[in-house]
Amino acid sequence: MAAAGPSLPGCRSHVTHTMAETLLQASRQRRAKAMTAAAGSAGRAAVSLLLCALLALGGAYVLDDSEGLGREFDGIGAVSGGGATSRLLVNYPEPYRSQILDYLFKPNFGASLHILKVEIGGDGQTTDGTEPSHMHYALDENYFRGYEWWLMKEAKKRNPNITLMGLPWSFPGWLGKGFNWPYVNLQLTAYYVVSWIVGAKYYHDLDIDYIGIWNERTFDSDYIKVLRRMLNYQGLQQVKIIASDNLWEPIAASMLLDPELLKVIDVIGAHYPGTHTVKDARLTEKKLWSSEDFSTLNNDVGAGCWARVLNQNYINGYMTSTIAWNLVASYYEQLPYGRCGLMTAQEPWSGHYVVESPIWISAHTTQFTQPGWYYLKTVGHLEKGGSYVALTDGLGNLTIIIETMCHKTPLETWSHKHSKCIRPFLPYFNVSRQYATFILKGSFSEIPGLQVWYTKLGKPSERFLFKQLDSLWLPNGSDSFTLELQADELFTLTTLTTGTKGSYPLPPKSQPFPRIYKDDFNVDYPFFTEAPNFADQTGVFEYFTNMEDPGEHRFTLRQVLNQRPITWAADAYNTISVIGDYKWSNVTIKCDVYIETPQTGGVFIAGRVNKGGILIRSARGVFFWIFANGTYRVTGDLAGWMIYALGQADIRAKKWYTLTLTIKGHFSSGMLNGKPLWTNVPVNFPKNGWAAIGTHFFEFAQFDNFYVEAMG
């Protein structure tokens, strides 16, 4: 355990760390100095009293529960989904997959999250990919698609008390009855959502605690009421409704104007509130949550953002829960918002992962609080920048969290935007070196000492992440202590002794995606419905058992959507799944394909695909298409506007063909069943990108024996 610094004679208590060496000096040395100080002369005492007076200039902050407590704390969490953000996690080999899950969910180990919020897959593109619905079609129900069920169970396995939330981003197309709108039939949409909750319990023994409406899109007041009635009818009175996962308005004003709506909504959830709320939201007297926040690169700037909002969402905006998008960056980094997770796990092929600094920022709060604790009324901002909150369990425990995250400093040392979140705009503010004296009043005045945990972001030579320092002991009769604070620091002082900085041996080193990769999809009883490493960007590609072909193509990968979903983002008009290394330039891609739709059907394989996620519609690359009407086409974009070559070929539906696409330098060529179909088609842009498979529109089609070889 590292020393927190020498006690100053005559002062109640003092922790200092102007230099990293001071932080790390031995406990024995600190105690020896304290003993010497206690026996000091009157003259020395006079000097120390003067020093205490100077320290007091930094500000004094009272922590008191004698006038009652603040709002109930509901926990810190993160989002899996919105969309496909955990896609690559499921492919990790053990023990690395379990280690990652421990860093996220295991109590008193890493982020130790209190809340897991998942996307209710709706088949649509929802930021970094699509997540499959439990009901692709009107009469279809399958509660084993995707990976969110598995993730919730893994979270519960580690923390049985974790809060579970579900929220739709997109919806399967059949709910819209021809319209891109989920509120055409309120009863039907409510049934769809409630069936997901019932299925979670029936098939996975998962109790969903909160259900949302439609992520960052329009809410319908009548739908929310119908949803509440249907939940109650199904005996799910304990499931609470959070709305509207968008802005504070117009949901707050609507609740004030509609008593029934006010009654059925339990929590107002706002996204990226910038630590502030609005008057209407406070007037509802409902719980206020930042139900999506962070969304920032998980370096130290992102960590600073996270530290700041975790404190100030309550101080400025009375928000009692903050939920990060996203849980873990387990998607190809070149997709939108790459590495915007609390940690990074985007290489299942190597087993490499990185426990990023936001994990330890989370731990400063999550390991020393629990939902059901209460904030003190005495929380606020520090005089020279930064903030502090304090929470109690009402049983004598106290946790104080102090942050001094910078926006900018006059002499930049490591970043120009120390704690700037990706959104909203952050006005300039200054944080400077200061002394802060905390005075414990009420039931806390008898606390004999506090455990101290410390983080310093910035230059590697000064950087510490979630380091336990010496305990801070308060002598008999003492009810205060003074901290010296500098920019970009985070302190937790707590009566709890259960905190731990968990660790595992370093995972394997980072490796690029294998240059030669193949998958024959021959899995009889797949644990997950999707093939490893394929990242669906429009449409849903699932393992399929082809009963019509018990031979070579019995087990395939099938695109299973037959209509466009109710979209959240700009899904393409073609389906597509990408795979591989974005840096690939010269590649050969080979795949067996099977068009199921006569006349109008079509499929493709592609290389150098340069866009995905919410940008998928504008993806460029080299796309080799064949169609059931006996034609082929080579295009430079997914949408099919840039035609490089076209012609006739002996192709029809319901027959297997082998396509081969070779791209080398500025030229490409294609083969059909091993024979050249087109050669030396010029390709000037893009220079690199993923491999991909897909279909002409939302149609059934199958793929088998996928093979890619990258030559650089």
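The backbone N, Cα and C atoms fix where each Cβ goes, glycine too.
All annotation found in TrEMBL is predicted automatically rather than curated by experts.
The domain 'Glycosyl hydrolase family 59 catalytic' annotation in TrEMBL covers 73-367.
Its own atom aside, the Cβ of Glu216 (active site, proton donor/acceptor) has 15 Cβ atoms within 10 angstroms in the protein chains shown. Summarising the annotation, TrEMBL assigns active site, proton donor/acceptor to Glu216.
Just so you know, the Cβ of Glu292 (active site, nucleophile) picks up 25 other Cβ atoms within 10 Å once every protein chain is counted. Per TrEMBL, active site, nucleophile is recorded for Glu292.
For the domain 'Glycosyl hydrolase family 59 central' (375-499), the model's pLDDT averages out at 91. Summarising the annotation, TrEMBL assigns domain 'Glycosyl hydrolase family 59 central' to 375-499.
Taken from TrEMBL, the feature domain 'Glycosyl hydrolase family 59 C-terminal lectin' applies to 536-710.
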CA pair Glu292 (active site, nucleophile) / Glu216 (active site, proton donor/acceptor), Å rounded to integer, equals 10
